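Visitor: As annotated by TrEMBL, Mg(2+) binding site applies to Asn7, Glu36, Asp185, Asn187, Asp305, His306. The feature active site is assigned by TrEMBL to Tyr145. According to TrEMBL, the feature active site, proton donor/acceptor maps to Asp185. What TrEMBL records for Asn187 is site 'Transition state stabilizer'. According to TrEMBL, the site 'Important for catalytic activity' annotation covers Asp280. According to TrEMBL, the active site, proton acceptor annotation covers His306. Marked as site 'Interaction with DNA substrate' by TrEMBL: His306.
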Amino acid sequence: MKIMTWNINGIRSARGKTSTKSFLDSLNADIICLQETKISRDMLDETAAIVDDYESYFSFSRKKTGYSGTANYCKKTTAPVKAEEGLTGKLSSHNQTAVGCYGNMKGFSNDDLEALDVEGRCVITQHKIRLPSNVLKDLAIVNVYAPRAGEKEDRLRYKLKFLSLLQSRCESLLKEKIHVIVVGDMNMTHKQLDTCESEYDVEFLRLPSRIWFNGMLQKSERDTSLPAMDSYLNEIAPPGLEGGHFSDVFRYLHPDQANAYTNWYTTNDHRQTNYGRRLDYILVDTELAGFATKCEIQPEVEGSDHCPVVLTLECEPVPSTISPKHCSKFMPEFRGQQQKLSIFFGKTGKKSSKSGCFSAKNSRGCHQASNLNSETGEFLNSQVQKPKVECMQAIPLAKNAPLKRGTTQKEQGCKKQKTDSKRLSSNQVNLNSFFTKSKNLNAGINTSATTSDSCKACDKIVIDLEEDYDLDDLELSPNVNLKTLPPEKESLPLSHLKGFPSSGMAEETINSKTNSDVWKALLKGPSPPPLCPGHKEPCILKTVTKRGPNKNKQFYVCSRPDGAPGNPELRCNFFQWLNKKSKKL
């Protein structure tokens with residue numbers, strides 16, 4: 001059985017344009033545990049919640065949209081028997097299918113417990129497995145996305161409370177003879193072997209979160225350079241925590257493997273040089289760790305600033321025939337019990353016109369109109385009358401003639417013409433003018449095209465004359481006589497017109513080109529980037545994002561990826577502000 005953990009940094013962006021099923025199948029795991037899904041309950045759509053051959057279980061952030069979030073996708077061959085959101089049990093309303101075993105929560109107030117689950121950082125699924133000895137066991141997979149403390153005191157306290165409650169819950173499950181696997185982004189490094197940094201300062205070595213992680217592991221895997229106790233951690237943690245019940249299976253199977261990282265800073269291209277950290281872990285209880293045959297880091301899988309970690313267990317999953325109530329398919333919006341607001345704004349089908357007429361196509365491809373009884377849905381007339389259809393297509397011929405009635409638009413197909421009783425005196429185009437027949441047509445040129453059965457008139461050019469246009473300005477080919485044209489040939493092909501476009505339009509084109517050259521000379525654009533002295537290569541432009549006086553300022557640095565210091569093939573130390581030259585002037 002394969003179990004994968006991956007901080008996906010947004011499930012929609014990582015999935016891309018592929019379907020959710022194709023995306024999950026490509027990961028090739030039985031249980032896929034995702035962190036930082038960045039979707040809330042209202043953002044979850046059916047394509048991500050209901051996937052063929054999978055069951056999904058989500059934990060959403062209720063604090064803000066597009067933040068945190070965890071999800072477990074289980075193949076139906078590994079369908080869980082129980083599932084639950086959160087660590088505290090405050091979010092669970094399905095007692096029969098909830099995992100339970102909440103442990104000791106003394107020392108946590110109700111506000112603390114609600115706050116620890118409000119960010120959607122944990123989802124638990126409980127499965128049945130059959131070991132090689134043919135013994136059935138219960139297995140709880142705890143998918144967590146540990147908070148990042150940074151330099152904020154309140155977030156550090158929040159993180160330690162979360163980790164302490166996680167340990168209490170896991171030890172409570174173990175006491176009920178349930179095997180436990182903790183997977184996820186722990187937002188910490190355990191040993192110096194797990195980071196690219198060559199040196200640690202004293203404060204980092206003594207971080208309370210690292211001391212907590214060290215105490216979770218069995219004694220043979222602990223970092224002896226870390227203290228066994230921390231006063232700040234002891235103040236927060238509930239009483240009765242034991243520790244020493246878990247194994248970091250990657251280090252258990254690969255104790256000395258270096259450069260095994262799961263996270264990189266993408267802004268500095270650290271992934272290209274494998275200059276990263278190991279923040280994603282799979283912790284297995286010591287009794288079950290003996291059945292772990294393989295644990296691999298997959299840096300070749302892209303789509304996030306993290307990469308997946310896959311554990312292979314020597315056991316057989318026993319699927320449940322009944323899905324837990326926390327399964328996404330039981331959500332009201334996916335069971336047809338709740339309507340979403342978006343359905344009121346979607347297209348539900350073709351609507352009939354105001355007059356109650358139904359538009360249909362005849363065998364010749366042109367539209368017909370017939371009366372339809374709105375009550376019975378039957379046609380009132382047995383024979384459908386063909387409406388007179390005219391194809392209008394016009395081009396402006398005079399230099400100063402205003403563009404009206406969409407004279408440069410091509411009519412697609414034969415559309416029924418309407419009459420316009422008003423003509424706008426201003427230059428503003430009326431919407432109705434696109435569907436009306438021109439009234440300013442000279443008697444010598446009949447611009448209405450009689451439509452044949454196959455609508456051949458659509459290939460003709462019809463002259464649309466404005467009120468201030470003179471027929472003497474129109475020059476036709478010598479073989480064209482307006483007076484002798486038969487009625488069916490009164491539509492003039494474009495080949496009969498000379499001097500189109502006019503010379504005036506050509507002059508305007510030349511003037512426009514000259515003006516464009518002048519503006520290009522004035523606005524030359526940014527100057528070329530400087531060359532870094534280390535590699536003599538063009539630098540790249542970046543922007544300061546950290547808070548402070550230099551935020552949003554731009555600067556040049558070496559274009560090569562960053563990495564361990566001292567390597568001449570990597571990024572050199574060149575730095576230059578974008579406006580450095582302008583300051584000297």
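Cβ atoms here come from the backbone N, Cα and C positions, even for glycine.
Remember, TrEMBL labels are computer predictions, not curated facts.
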Visitor: Other than its own, how many Cβ atoms are within 10 Å of the Cβ belonging to Asp280 (site 'Important for catalytic activity')?
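Guide: That number is 23.
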Visitor: Does anything in the same chain, at least 6 positions from Asn7 (Mg(2+) binding site), have a Cβ under 8 Å from its Cβ, and if so what?
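Guide: Listed in sequence order: Leu34, Gln35, Glu36, Tyr145, Gly184, Asp185, Asn263, Leu279, Asp280, Ser304, Asp305, His306.
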Visitor: Using the structure shown, find which entry in Glu36, Asp185, Asp305 (the binding-site residues) has the sparsest Cβ neighbourhood within 10 Å.
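Guide: Looking at the binding-site residues Glu36, Asp185, Asp305, the Cβ with the fewest others within 10 Å is that of Asp305.
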Visitor: Cβ-Cβ under 8 Å from Asn187 (Mg(2+) binding site), same chain, 6 or more residues apart: which ones?
Guide: Ala146, Pro147, Arg148, Ala149, Lys159, Ser209, Leu279
Visitor: Determine, for the Mg(2+) site, the additional residues of the same chain whose CB lies within 8 Å of the mean position of the CB atoms of Asn7, Glu36, Asp185, Asn187, Asp305, His306; present them in sequence order.
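Guide: Leaving out the recorded residues gives Ile8, Asn9, Gln35, Tyr145, Asn263, Leu279, Asp280, Ser304.
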